[in-house]
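Below: the structure, in structure tokens.
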Amino acid sequence: MEKYENLGLVGEGSYGMVMKCRNKDSGRIVAIKKFLESDDDKMVKKIAMREIKLLKQLRHENLVNLLEVCKKKKRWYLVFEFVDHTILDDLELFPNGLDDQVVQKYLFQIINGIGFCHSHNIIHRDIKPENILVSQSGVVKLCDFGFARTLAAPGEVYTDYVATRWYRAPELLVGDVKYGKAVDVWAIGCLVTEMLMGEPLFPGDSDIDQLYLIMRCLGNLIPRHQELFYKNPVFAGVRLPEIKESEPLERRYPKLSEVVIDLAKKCLHVDPDKRPFCAELLHHDFFQMDGFAERFSQELQMKVQKDARNISLSKKSQNRKKEKEKDDSLGEERKTLVVQDTNVDSKFKDSKVFKIKGSKIDGEKVDKGNRAAVSMTVGPSHIKAVPSTSLRDCSNVSVDHTRNPGMAIPPLTHNLSAVAPGINSGMGTIPGVQSYRVDEKTKKYCIPFVKPNKHSPSGIYNMNVTTSVSSEKNLLQANKKRGEYSKTDVRLPELNYNHLPELRALEGIARNSRLIRKENKILSESRIPSLAAIDLHTPNIAVHQVSGSPLSDGSEADSPWMEHQH
């Protein structure tokens, strides 16, 4: 039973319950009847064994199909095809009765299914609206064969029969132990009027009340049944009810046609020996008029085939769904493998990148880089190849030299202006001049050959002195508000140390400019150096910056010391 998924309870009774389930393998929806612990209850075991035995030998389009039988933990499980609709559901939906044509089709199939059972000497004994299933295509299927049994041999008696009272024949009510197929025909007669009028024909509250309703509509019981009644200890001290005023079917249901009344009366004959067989009922005028029987037989075959196709399509749809789920799971596994592949050791990731972006050097260095690219361990340390990187490539990169003591330094490019041609682009300044109000994105930069936490000595603050002064002069003249000065006067703005912390070393220059302003001295031409980020502690770099010459190879002395281990 592990291959079935429980989808909910359909119904339950005295001997067990019916559950709606799904086959996990095929996806087919089934109905599973779970009996109570049959090993502890002989009656439950008897009913389960009887239904299993009968349904295994019964295969018909108007009988529910038994698919599988299994036993688990003293319980029997019967797996049926699932049909979630019954005639009782129709009657609850249409309390005033069903359409005549619908009833005609239902009755034809009910009689056809019961006739098939009778042809195999099996009586159902519990025909009622809730035991008659209707598929989506309108195919009727009899179910619940728990009370069904084979006909007794001559002289053999049946056990006590307990079923739904409203559809019970008179011979069953009085306790006759020799009954036969006619009990099912009686139940058919009760269904005829109930489906057309929407109300049960004999809704008795007790067995004696049931007998009273039958006798009032159909007359007195036959002598044999009356004798059995008075011999039955169940009715000891009770007399058969006297009928003062009868109410036949014609008077009770005046709207029903004569053909329908005739069909019901033949099925409801008080003498079971005078009730017709199912084959005779199928030839009744109710089914033969207008060629209904022949026409509907062909239609019924199409309905059965349609149901079979629906089951097949359901299986295929479920199989496609399972295949899609498998494909999705395989896709997820592939994604997981890709993620795992991208999360490999950084040695291999570095080797893949550097093989593509390696700098063009002589053949000997290439061979060394390739050997380093596979990240082979030589001694206690690792040797890694590093690509040549421009200033533009390292705009947001920080190099931790303490964590990478063995990193090799690529050859430096001497023309630094060519290395970083786009640094000043988009800043709104004249060529060669870099405004100290830099954009937030350009405040952080890194050059692999400069110590961390230290600004670059080239490029950004490499300016023309004369051009810088004239630009600052124009800015100061536009902001001048007080006093009259000569056109050649220059006022230096107050420096904000938040922007250029490196300018603290130039306080002397700013102080001299304020003294010049107080003395109102006229300057013919200002030769004040640009407010560049000059590192006074590295005179070689400062000299090259002021003169505008490129950084010589001697600047490598200011690069972080790297130890090469072989």
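FYI, residue positions are counted from 1 along the chain as it appears here.
Glycine is treated like the rest: Cβ placed from N, Cα and C.
For the ATP site that Swiss-Prot gives as VAL10, GLY11, GLU12, GLY13, SER14, TYR15, GLY16, MET17, VAL18, the extra residue drawn from LYS33, LYS42, LYS45 is LYS33.
The record assigns VAL10, GLY11, GLU12, GLY13, SER14, TYR15, GLY16, MET17, VAL18, LYS33 to the ATP site; their largest pairwise CA distance measures 14 Å. The secondary structure of GLU12 (ATP binding site), as reduced to three states from DSSP, is extended strand. If you measure from the Cα atom of VAL18 (ATP binding site) to that of ASP126 (active site, proton acceptor), you get 17 Å. Over the domain 'Protein kinase' (4-287) the predicted model carries a mean pLDDT of 92. Across the binding-site residues listed here (VAL10, VAL18), the residue whose Cβ sits among the most other Cβ atoms within 10 Å is VAL18. Least packed by the Cβ count within 10 Å, out of the recorded positions GLU12, ASP126, is GLU12.
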